[in-house]
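Quick one: structure below, then a few questions.
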């Protein structure tokens with residue numbers, strides 16, 4: 001069956017599900033409803049096994065790819081998506097009800113951006129617990145009233161700083177998820193696409209660097225996202241036909257994981273070797289240190305990338321397993337409408353078990369690594385920071401109603417999150433983001449509102 005026929009069948013099946021679920025059903029009707037919900041060629045199981053679902057998904061995708069390659073006629077509108085119907089659920093359910101739909105991701109970005117502005121404008125990164133003031137390190141700060149030294153910093157617990165690392169993790173996770181999904185659906189690996197994304201990320205930052213004389217590393221989110229995008233691009237483009245086999249893309253992800261591990265987790269000198277042509281290895285003296293790189297460009301870039309070096313990769317892994325996640329969650333939703341004794345509350349119980357597992361993992365992170373001092377937390381964050389991210393994704397999409405709604409204000413802020421981040425250094429704050437703009441002395445709340 002071609003894509004148009006398959007989409008028609010999917011729509012017909014979805015309409016059958018809706019009509020069956022909307023009426024009072026007898027036990028025999030419930031059995032028919034189960035057959036409709038799970039008519040994926042299974043052998044009577046209520047939920048397809050992940051391996052079987054994955055095999056069916058790649059079989060359909062490979063067949064569609066072969067048909068498109070062998071066809072010389074112009075594609076019909078229904079065949080122009082070039083991607084998998086399992087990843088593109090718009091033919092079955094509205095886009096606004098999909099997991100991590102565009103409204104939801106922009107809302108998430110806007111929420112993170114708002115929290116980040118509050119964090120910076122309240123100078124929460126310099127917070128020191130009152131109980132620490134009586135410690136041997138309480139005489140903190142340099143002679144000019146700057147930040148405290150590394151030895152002092154190691155002994156203070158600042159949960160605000162630790163939680164702020166989670167904001168960059170969320171944004172890079174969404175970068176990994178979004179670009180991987182895009183390349184998988186469209187197969188657009190053109191140079192035009194690469195230029196468009198890199199210019200979108202870096203144009204404003206480059207203009208600020210040229211006009212104000214600031215170093216590029218001051219706007220560290222731009223090189224981080226550029227590096228993540230290029231990592232995703234080359235991974236997806238290399239032997240791109242592997243992306244549509246059952247295990248091909250997963251083998252490529254395993255190779256990428258080995259590269260990330262060798263660069264950041266093993267001290268072989270590869271990171272310094274690769275970046276020496278681009279970054280200075282000179283450590284500036286105390287009086288010559290810049291705000292963007294107080295310990296030198298090489299160390300600053302290593303610090304920024306090490307804290308987040310698994311974030312985009314986790315987003316890629318989630319995107320690759322998106323078909324299984326989406327189908328499984330929607331089937332659990334469907335079970336809630338079945339009144340048969342064999343499946344009563346099956347969907348709710350399944351969701352509750354998953355939610356308890358994820359919340360427990362997040363609790364371990366909150367009571368363990370999150371309560372570590374700054375340097376210790378930076379070392380642990382790459383391996384634990386994704387736990388609250390995955391927990392939020394599941395809880396945010398746990399019901400169709402939650403997937404279909406979003407907060408308009410945060411969505412608007414999320415659509416301009418990059419510009420807000422770049423300009424907050426010079427509009428909301430002063431001295432390249434190190435001090436508050438003071439219009440009315442002695443009224444910090446008024447200054448913040450203005």
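Backbone N, Cα and C define each Cβ position, glycine as well.
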If you look at how TrEMBL annotates this chain, which of 307-324, 325-342, 397-414 comes out as transmembrane segment?
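Feature transmembrane segment in TrEMBL: residues 307-324.
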Taking a Cβ cut-off under 8 Å, which residues six or more beyond the ends of the transmembrane segment (378-395) line up next to it in the same chain?
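For the transmembrane segment (378-395), the sequence-distant neighbours (Cβ-Cβ under 8 Å, at least 6 residues beyond its ends) are 99-100, 108, 162, 165-166, 169-170, 173, 264, 303, 306-311, 314, 318, 354-355, 358-359, 361-362, 364-366, 368-369, 372.
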Are there 3 or more C-beta pairs under 8 Å linking the transmembrane segment (307-324) with the transmembrane segment (166-185), counting only pairs at least 6 apart in sequence?
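Answer yes, regions in contact.
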